[in-house]
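Feature annotation from TrEMBL assigns domain 'Acylphosphatase-like' to 1-79. What TrEMBL lists as active site is 4, 22.
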């Protein structure tokens with residue numbers, strides 16, 4: 001359903017940094033860095049929109065913390 005591709009596109013549109021990847025459990029996980037308001041927008045997108053063909057059953061966000069400097073440049077898809 002190209003969820004990672006659309007996640008990358010939306011992250012870039014919002015100016016976020018980080019990565020996403022498929023897991024062996026058939027889920028997607030990742031890391032996001034950016035402005036708090038943009039992170040909030042991305043979380044809403046992940047919970048409610050996703051890729052056009054996706055069916056989102058649940059979105060969990062864990063280990064959230066405020067950072068001062070970004071650790072990632074851009075937003076990538078890991079394999």
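Yeah, the Cβs are placed from backbone N, Cα and C, and that goes for glycine too.
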(message) Taking only the residues in the domain 'Acylphosphatase-like' (1-79), give me the average pLDDT of this model.
(response) 93
(message) Going by a 10 angstroms cut-off between Cβ atoms, which of the active-site residues 4, 22 has the sparsest surroundings?
(response) 22
(request) Give the distance between the Cα atoms of residue 4 (active site) and residue 22 (active site), rounded to the nearest whole Å. (result) 8
